[in-house]
Amino acid sequence: MGEYFESGPTWWPMSRRATLTAILTAMLLLTVPYAVLATDSDGDGTDDADDDFPNNPCADTDTDGDGLPDTVVSGCTSQSVVAYTSFEDPFTIASVKYTDTGSDSVSRYLWNNANEPHIAHNQTNGTEMGFTLYYTSTGGVGLTDGDYFGTINYTGTVGNFTDGNNGYQMSDVDGIATLALDDITAEVMTFDFFLQDTGYETSNPMDYLVIRFIGANSDIEIVNTTGYDIDTDNSSWLDTWTMMTVMIGAAGHGHLEVEFSSNSAMEALYLDNIQFTAAVMLSADTDDDGDGWSDVDETDCGTDPLDGNDVPADTDMNGICDALEGDDFDGDGIPNDSDPDDDNDGVDDVDDDFPLNPNETTDTDGDGVGDNADEDDDDDGWLDDNELGCGTDPLDDSSVPSDYDSDSVCDSLDADDDNDGVDDADDAFPHDDTEWIDTDGDGKGDNADEDDDNDGWDDSDESSCGTDSGDAGSVPADLDADGTCDALDDDTDGDGWLDSDESSCGTDPSDAGSIPSDVDSDGDCDVLDEDADNDGWSDSDEATCGSDTMDPDSVPADQDGDSECDAVDSDIDGDGHDNDADEFPGDASEWVDSDGDGTGDNADADDDGDGWDDDVDEFPHDDTEWVDSDGDGTGDNADADDDGDGWSDATESDCGSDGVDEDSVPADFDGDGQCDDLDPDDDGDGVADSDDAMPNDQSEWDDTDGDGIGDNADLDDDNDGWSDAEEGECGADQYDSDSTPTDYDNNGVCDANDPIIEPEPEGTPGFGLISALAMLALAAFARRD
């Protein structure tokens, strides 16, 4: 019998309680969803929970916890810093959007900035990156209560900034504050941030922090606490400096953006030491488990280099494990533990990086490969042989050959340093891949020099003019010395007349004293001028009209001023009506007299003399018409349908509508052209209105049960609760409410269609899984020993 616990007056078996608990727990698990959240901050494929370097993509394991990774991801090598800011340099404000206290130094805070979008800070000197501050109001007091927002040197909260004396702070912004750094292209970004520990809210209003890198190719989200409680979900960040390292190369050219929302002076974010580099380097740990024995020694001695409790036995504590004691590696008769030079290579073990390898003694770059076998001893990317040939030190990684074109051939050995295809010996600019010749020796290469031979003529002009741009003695001919060579000059002699015009006018284009005659000085020589005297009449027209072509005071008569003289003008008054068809040929305001009363129609108030003035006569030139009610062009006197509504005037009269009002038409529900007043079947369904239960519904005419739904649409015509279809199948009359199918068991299926006729069942058939389990639980409680 198992253990018992007391519950009131009854004793219960412990085993049954365990059974009940298991059942109820299973029920709970069936109904409660759960989610496992995994985070990989540095994106190296190892979750933060399993990553000893959660913010550095170059490493993930540190067995002994000494801060050095067991291994470093291949490709994470040392490179220079591309750009950075620690908010140390003085900044100028490139906008006056905010009210700002302080000068152009680094300590500043802002307030009274309602509806102001941004402020840009640029360096006044120094090398740090510039940045822009944005602020979005969310309806609160904003920054009007004077909290810090910007670069500061106050360290009361953070203790010290991680780089220099200054940092960047956002606190109590009562809105959304955003910091955006200048755009940059880099592979790795690192930064330090500090979150002050306080009561961050998740709603009304919501406090949150979002840090992202926004790139041309993609965006990388680094931190996003939206919807999370910073105090509990990200407690490791509170009241301590946290460094983030992020690989950003794939994102492309872009910028770091930090967005922060808070509503308390104690809800503060601090930033410092933001750096962008081409890559990041970590040194691999030579003693992964931190037990004092190097990984190489443990491997040689047969112990686990990743287990700090598994160390080599070393009885005499001489630093050589017992497993190797007594061995005589070099066979010189002296055991290794007594031999100062175990491999007999002439270098004592204490100075030998490879005491058991007679072929190696030194490992300059510490990569585990001895210098004798290592083709790049200092790991500077240049092979030792190449460095020797180039004159640099193969054992010093700071001594690297000059290689201007980065072709891995040092300049001292490279026949073409700038790789422009021209050997240095023939290259006037051996370190400029865009230049190689300087014809005039002015220090500017011919590719960029607009005048290679320095003869005063641009290369492009010499090319066009047919002279040699590389020979200062070859210059274009320029008769008038206007800077345009004769071959391209359209006025060779510079007399103001184009060569082509002089040729046409009969003068010499190469003689400035030979110019064409131009009586009216209009720039067209008389020989080519269509109006030699410039009186506005062409010479040919004047000849036709009888005036003098060379006298500007002699012009043809032109009554209508249409530039066609009256002698040849078919419409001398210019009213658009030829003289022979114009009843008033000398009066430009009249040309027709419709009613022959001697007054032209333009002046006549009633052109057709029908007694209706033209301004009210819709047919001012038809004495039989004056009104057109429907505007169809046919006067009402002749029009059978005056208002144009499709109903003749006679029909509208019979149907009681207005024959001259298009909005007044007879009612015609079925559109058969017969108004409803005269139509015996208004809806045109073939059933006379007198016999039609729905005279204005073409789809219905009977309503058996009088429920307002026609029998055609009504699924239960007699409204007896049985559909017409069921009554048809069951043999009842769908139009007689007293005629219903028989249904013995009242299950809604008539007996004719019901395969099983039985009384109505009582209770609910079956139980669900949860009900069954609950019943089992109750049964367990109900039992007694």
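Just so you know, the numbers here start at 1 and follow the chain as drawn.
Heads up, the Cβ atoms here are built off N, Cα and C, so glycines get one too.
Keep in mind that this is a model prediction, so the values were computed, not measured.
For reference, TrEMBL has these:
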type: COMPBIAS; residues: 43-53; note: compositional bias 'Acidic residues'
type: REGION; residues: 43-66; note: region 'Disordered'
type: COMPBIAS; residues: 287-301; note: compositional bias 'Acidic residues'
type: REGION; residues: 287-763; note: region 'Disordered'
type: COMPBIAS; residues: 338-354; note: compositional bias 'Acidic residues'
type: COMPBIAS; residues: 362-387; note: compositional bias 'Acidic residues'
type: COMPBIAS; residues: 404-427; note: compositional bias 'Acidic residues'
type: COMPBIAS; residues: 448-462; note: compositional bias 'Acidic residues'
type: COMPBIAS; residues: 479-502; note: compositional bias 'Acidic residues'
type: COMPBIAS; residues: 519-542; note: compositional bias 'Acidic residues'
type: COMPBIAS; residues: 559-573; note: compositional bias 'Acidic residues'
type: COMPBIAS; residues: 580-617; note: compositional bias 'Acidic residues'
type: COMPBIAS; residues: 625-646; note: compositional bias 'Acidic residues'
type: COMPBIAS; residues: 659-730; note: compositional bias 'Acidic residues'
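Beyond the compositional bias 'Acidic residues' (338-354), the same-chain residues lying 6 or more positions past its ends with a Cβ under 8 Å from any Cβ of the stretch are 328-330, 332, 360-363, 370.
When each of 404-427, 479-502, 559-573, 659-730 is checked for Cβ pairs under 8 Å to the compositional bias 'Acidic residues' (625-646), 659-730 comes out on top. Sequence-distant neighbours of the compositional bias 'Acidic residues' (559-573) (same chain, 6+ residues past either end, Cβ-Cβ under 8 Å): 536-537, 541, 544-546, 579, 582, 584-588. DSSP assignment over the compositional bias 'Acidic residues' (559-573) gives 0 helix, 0 strand, 15 coil.
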